[in-house]
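The domain 'Timeless N-terminal' annotation in TrEMBL covers 24-284. Look at TrEMBL and you will find 236-272, 526-548, 642-662, 936-988, 1086-1126 tagged as region 'Disordered'. The annotation compositional bias 'Basic and acidic residues' is assigned in TrEMBL to 241-266. Look at TrEMBL and you will find 526-536 tagged as compositional bias 'Basic residues'. Taken from TrEMBL, the feature compositional bias 'Acidic residues' applies to 648-662, 944-966. The domain 'Timeless C-terminal' annotation in TrEMBL covers 996-1085.
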Amino acid sequence: VDLFMMNCELLATCSALGYLEGDTYHKEADCLESVKDLIRYLRHEDDARDVRQQLGESQIVQNDLLPIIIQHRQDKALFDACIRLMVNLTQPAMLCFGKVPDDPVFRHHFLQVTSHLQAYKEAFASESVFCILSETLYNLLQLDWEQRQEEDNLLIERILLLVRNVLHVPADPSEEKKVDDDASVHDRVLWAIHMSGFDDLIKFLASAQSEQQWSMHVLEIISLMFRDQTPEALVSAGHARSAEEKKKDSNELEALRQKEHAEKHSRTLQRGTRHSRFGGSFVVQGLKAIGDKDVIYHRNLQNVNYTHDIGKAVRRVPKRHRKAQESGEKRRSALNVRLFLREFCVDFLENCYNRLMYLVKESLIREQTQQHDETYYLWALSFFMAFNRGSCFRADLVSETMSIRAFHFIERNITNYYEMLLTDRKEATSWSRRMHLALKAYQELLLTVNEMDRSEDESIRQSSSVIKSNIFYLMEYREIFLTLLRKYDETKQPESYLKDLVESTHLFLRMLDRFCKGRKNLMVQRKRVKRRKSQGKKKEAAPETSPEALEETWKIVEEELKGAGLVPFDATSETPLEDQRTEAMVRVQDALLVRMGPEALGLLRAAREVWPEGDVFGSADVEPEEELELLKQILHAKLPRSSQTAVVEEEEEEEDGPEMEEEELESVQVSETEFKFLDFIKRFATPGIVRPYLLLLKSYSKNTPHTNHCIARMLHRLAVDLKMDALLFQLSVFHIFNKILNDPAAAAYQELVTLGKYLVKRFVSLAAQNNKAYVELLFWKNVGAVREMTEGYTKEWEKRPAWTEEEEEELRRLYEEHRDSEVPDIVETLLPLLSNSNRTRRQVVTQLVHMRLVDNNFCRIQRKGTRIVLWTEEQELELQMLFEEYRDSDDVLGNIMKKLTAKRSRARVVDKLLSMGLVSERRELYKKRSRKFLAELTQGTQDDPVDRDDEFESEESEEEDLEEQESERSLNGGRRSQGMHSTGERRPDVENMVYALQQEGMSGPLLWLQNCLNKTADDRENDGEYMDACLSQPVPLAPFTESNEEAMENKSFQRLLRKLGMRAPANEQESFWRIPAKISVSELRSAAAALSPKEDKPKNDDEQDGTRSPAEEPRGEEEDDATREQRAQALRALLLARKRKRFTDEDVYFNKRIVRIPKKKETVIYYQLRVK
């Protein structure tokens, strides 16, 4: 149905309701059906809310629905339908549109709906309407639960919703134009509620045991009733002004009078004796105009304030940099309305407050309410506790919200609101308003606790002391104001929020100071995150694991074992058997590493006796020589470990075990420390906290005297108590105090005037000693800069321990020895080798830069990421599970980076995913940004690899790029990576892998792979490299023999394929590895040449030349990369069994001798320990 036909149908439906003749409404026969039709029309209205607007234009609520419920209330079905229709028509415009529309057309519709709602509200400001609603609600509440039907409960809820909707309608100040003490539309609605007795029903619903299901509706209605009120205005309603209030008003009037008199006097002095046309022209010497000449000034001399900005257009402030707008101003309602609301507050506190707040709090905790309903709870807490504190304070009336649970609830909400303020930027204004509400509730809790201290009742004072002890003891409550001040943002949070924050901070510090003075020492809780220990100082105690060191260790251990003989097993000295079974192998190796041979032998024999099945730790009739050989192989085996921390002695592990466990988990360590108030105040001495105070001080003339006192007191604490007046030596601070000192009404700000004079006096005395003090005015200063400004400047190198010539020579020598090594972090390698073990990482890096051994970029390269190089088994499993979880998402890599426990760079994660075979190409990890790109991926089209790689790598940090370049230069002799593994030269790692595969009997598959590469190179060479690069497709490596198939399933062979640049099957639809189309002919030739068989084990480049660097000598006897990877894979099951406490059957090969480890499951996992 089009819009014109809808108008006709709406008019016909409205006409079928009836007509109003005088004060009598005559309903038609089809009145009930017409109301139901209107409800049906509203259900199917469009986004512009056309039906709602047309019904508002026809004034159906004023002319039809309200007269029907007043004069035809006996027709229950019609009454219910009309209430239901009015609930729909009066729902807030924000609920209809979701938010304030940005589109001008929809913004117009939004304003139209709002204007209709305001007209509805004026129609509801009638005592007769609320009398009908009150009588109906009263009759329904008289029914017992057994007599109430479902329709009765629905009608009760609809009446409450209707009243809530009417009260929620915003005021229109431009139309009402009401002043204070005049009755607005909202006041007239409140008066109608009062005269009809509906407010008494609200109090009954809040206090009745059987009506607790309506608690949230009742709290919403109450909060909307007191929307324009303040607790102070209601407390003073009907009372004569006290002497203190009169004195306060007289002081304000006197300040205004003095200011006006001073401005008048200033204008008189500025007025010249001659007419302004004869002011004359003057030359301002020293101030150049646009050219080289001085500025010519055409005004009188009484007001010389020339600037080049005169006449220029004011620069427009960007929207994101504008200050946050204040919420609607408060106005004072009519006296009779304030009096009845005051009586309502008194009755509500005495009979309803504690019970209603308990029910609402339980609903919030159990999440039985709607979103953001906690704001009503926070408002009610702050409003009624303030009213109770101002009228006649009674702690028992607000006992429900006067507890540590209330402090905790509000603190959690403040934290949540601040996090949402940062993340949900579109709704930043709403989150800021909720955060301000929570702050006011927290402030009111502190004010109530402070009021309890003044009570004459000893029990109340004792309760206050208990509450203060808790909030001062816990760190979350102590530091909340520090955090809020540090995170204040004037573009998102209004000035009223800052005012309440400053006043709350002042109150908290005053209470804390008074609490500390009454005690000799105060113990408080301190929390800090325990992180992993730095390994720099511990590495010197770690045993060396190089082949030469292991051989030396074995010689010593072998002598001890031969002299010790057979050591019997002592069952009483062992740990529980179930735990020892999975950790026995690692414990034996640990004992051998620290050269405790007898203990290692005892552990081996004890384990053999406990688990004789399968000859895990040797057979029962093993010979001593075989036992020694088994221990030697365990010593040389590369057993995977859960962490890379250094091995220490067993006694140290027992003492430091719990602490190390906490550090590895990075848990929060809770401890107690003695609290000192002055040390706590020192934490406020930072520019980030002083700036919000100065922002509020700029509007000193608009602030209340109490707000100015809070600002002055904080600045006094910093400048006088802490003797850090230099912290306030800043040009903007002096500009504000200069404005205060020159204010005609400066007598009203005596405290600020005194503080300003003190700061200027201190600065002048300091400037006489420090000729750089005037330059320091341009900058904010931290504690260190303040100390230097007052006590004298020290040179940068004087702050750190000096390096002697011997230490510099030692550092230079060690750096030259290890600069060409392939260690991931050379600084971590140098630290344990220095003779001075007290040197920190930063000192070493700074000295290297100072000695010009490295450049400044070295610091950024070394500090990249978290410096995690190796992946543990648990981290690999976590990465695999995260990939399986997010493999079908639009941003696979982004989701993995968010959930990954051990933080690494994007490049490291991508490389690991490629090495694990989870993805075959980098393009599979690209973010799916458009359907076109997704279609290209599904169709298998080939994009330009260089462009895609550049786009992927552009997301990485500058430090990552620098590190990649450095590592590539060290590995490839300065060559730059081409986006894949370079095969243009005989790399040692490829040769080592080929040699290892030949030793395993895979010479045939290697020859087959070499032939495939050469054949593909010949084909592409015949077709032309240009056509090959543009049109060729990946060539599958299809094995046709059983040996080739087994080789393609071998992990070592697959690693060789990846090293050569081959692509793994991309998905389940592909079965074979492929030679990518982007590999050139020359690269294919080089890869095939690298697969040539070798008779001897390949050596490193330096060994072939007959030379070897000192840093590489310890690794001369070390196995190649492939062998180390095989050993790591060989014992992977042991690590899984130890970490998960799960047991499987495993077969370990020690030099062709099988050792079975029986476990609970039937599966048998075979792996081989290959020892040179």
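Glycine residues also receive a Cβ, built from the backbone N, Cα and C atoms like all the rest.
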State the non-local partners of the compositional bias 'Basic and acidic residues' (241-266) in its own chain: residues 6+ outside its ends, Cβ under 8 Å from one of its Cβ atoms.
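Same-chain residues near the compositional bias 'Basic and acidic residues' (241-266) but 6 or more away: 743-745, 747-748.
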Under DSSP, the compositional bias 'Basic and acidic residues' (241-266) has how many residues in helix, strand and coil?
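Its residues divide into 24 helix, 0 strand, 2 coil.
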For the domain 'Timeless N-terminal' (24-284), what's the model's average pLDDT?
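Its mean pLDDT is 87.
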With DSSP as the yardstick, break the domain 'Timeless C-terminal' (996-1085) down into helix, strand and coil residue counts.
55 helix, 7 strand, 28 coil
